[in-house]
């Protein structure tokens with residue numbers, strides 16, 4: 001019984017915390033994202049998705065150890081970039 005009461009209090013506290021810390025005017029945030037995406041459709045050069053990091057290694061080049069991330073353009077390294 002005590003455990004059930006503690007769980008109910010914890011859920012109510014977390015729900016209240018979420019409501020209190022929620023970002024105000026979230027509709028403006030979505031509207032700004034829509035406007036930014038619309039601008040990128042009209043001007044593809046403005047899109048950050050089209051940019052490529054030239055510091056990465058092309059496929060086949062030695063990258064070192066097994067890791068996922070930066071040295072290879074694909075993001076996969078198993079002694080040579082995939």
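Heads up, the Cβ atoms here are built off N, Cα and C, so glycines get one too.
What Swiss-Prot lists as signal peptide is 1-22, and the listing cites sequence analysis.
Neighbours of residue 56 (disulfide bond), defined as other CB atoms within 10 A of its CB across all chains, total 16. According to Swiss-Prot, the feature disulfide bond maps to 56-73 (among others), an assignment based on similarity to another entry.
DSSP classifies residue 77 (disulfide bond) as strand under the three-state reduction. Feature annotation from Swiss-Prot assigns disulfide bond to 63-77 (among others); the stated evidence is similarity to another entry.
Here Swiss-Prot flags 72-81 (among others) as disulfide bond. Listed in sequence order, 57, 58, 59, 60, 61, 62, 63, 71, 72, 73, 74 are the same-chain residues at least 6 apart in sequence whose CB falls under 8 Å from the CB of residue 81 (disulfide bond).
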Given residue 77 (disulfide bond) and residue 56 (disulfide bond), what distance in Å do their CA atoms have, once rounded to a whole number?
11
